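Marked as compositional bias 'Basic and acidic residues' by TrEMBL: 68-80. Residues or ranges marked as domain 'Ig-like' by TrEMBL: 123-212, 230-328, 333-415. Taken from TrEMBL, the feature region 'Disordered' covers 63-85, 467-498. Under the heading transmembrane segment, TrEMBL lists 429-456.
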Amino acid sequence: MARGPGDHTRAAESKLNRNALVTVEGGARPAVIRELKDRQKRISRAADGKGVLIVSFKHTSPSISDSEISRHQRTPRETENPNAAGQFGVTEMSQGYWQEQNLELGTLAPLDEAISSTVWSSPDMLASQDSQPWTSDETVVAGGTVVLKCQVKDHEDSSLQWSNPAQQTLYFGEKRALRDNRIQLVKSTPHELSISISNVALADEGEYTCSIFTMPVRTAKSLVTVLGIPQKPIISGYKSSLREKDKTTLSCQSSGSKPAAQLTWRKGDQELHGESTRIQEDPNGKTFTVSSSVTFQVTREDDGADIVCSVNHESLKGADRSTAQRIEVLYTPTAKIRPDPPHPREGQKLLLHCEGRGNPVPQQYVWEKEGSVPPLKMAQESALIFPFLNKSDSGTYGCTATSNMGSYKAYYTLNVNDPSPVPSSSSTYHAIIGGIVAFIVFLLLILLIFLGHYLIRHKGTYLTHEAKGSDDAPDADTAIINAEGGQSGGDDKKEYFI
């Protein structure tokens, strides 16, 4: 059934609504496709990497003429009335519909996708899409392993091939072409060819090509980006001890990163705001050396602090790579007097400790009492000893701690209290022990009472005078006489007391 011009126009509009990149109604000669690619490449170079891709709908001619290509393939600079975003609208021509769209910098991928798009209406173009291989860009850390995968839907009884940036064949199907033990075959089927490259070096970076030898030969590119790992940073600029309130400048440097790394500073947990990272290309032309400086004023709290320089880079994957520089700050001493015991009383022994702190630590201590000359004590020991306190020792005492950075004087007022005991934790302890002993004694007394009562109630035996010899006496008088005479031999009369 023949199709009229209106049918072709509606078909073109339908394809336009499907956001086709390149559409030609009817057949398209390979020569026309090559011409599109060549001219697109020249336009891209002329426009600093920005080109224009044509979407053409034809309803009269089965192919695109050279004059039509020349008229509608324009760069953004040459096109009249572009919109604010730099995109170009759809223009209705007498021959059909045209759509122009910006290309990304330096890539022909949209054009390749368009040529292999299912929107091509001719059977030849549909077949070409199935035979177009596809790959993906990969990023790998130097020393790591990268896998390059190439796939195709319709191999047309042809094999896939991988080539390196120098156009050296790596694998043709399952056959190794380059003797490099780092390159290994991962998978080889008619629809896929995958290889791996281990121990990747910076020299391996570049554009790898997957080809399928159909008519014509079709290729796909895979850009391999190799990340250079930055070396551990080195801090310089610290030479000797610093004095309190001095300003110092430290520098940090790390080389071998790709792309260039960033440096940060911190002091302990506090961030230091250093200069912006400076970047310099290394002699190999691939990696970079970065450096940064930080200037800050030191205080006595910074004595013994670590100044840390850290390098941040995507190849480290969050791992810490830093260097620390410990600084020493010299500052004047401070002192504090501590009594032992804390509440001195008359008759006790007292030690007054002069606790000095500084860098360097105080080497000399001088004790004085207000209203008394000369000084009480001058020595390296920091304690003042009172063997036996009395009321006359009360007063204000001063301790001067001295180092080669200066001196500091601390004061303490001594009040000698009366010798009466002061409740303390030790007396409480003794009271508890006494209570326990008293309770034990009380228990023992109770036990003795119960034991005596038991012994008294124990049963016993005895004989009365009346019972002695009464069995043999004929009367009472005789029985008494026998009892007084101590007659024995008769059975004893027993009487029990309970």
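Just so you know, glycine gets a Cβ as well, placed from its N, Cα and C.
No curator has checked TrEMBL annotations; they are predicted automatically.
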(Q) Let's see if you can do this one: DSSP helix, strand and coil counts over the domain 'Ig-like' (123-212), in that order. (A) 11 helix, 41 strand, 38 coil
Q) Where DSSP helix means H, G or I and strand means E or B, what are the helix, strand and coil counts for the domain 'Ig-like' (333-415)? A) 3 helix, 50 strand, 30 coil
Q.
Give the mean pLDDT for the domain 'Ig-like' (123-212) on the 0 to 100 scale.
A. 90
**Q.** Residues in the domain 'Ig-like' (230-328) grouped by DSSP into helix, strand and remaining coil
**A.** 6 helix, 52 strand, 41 coil
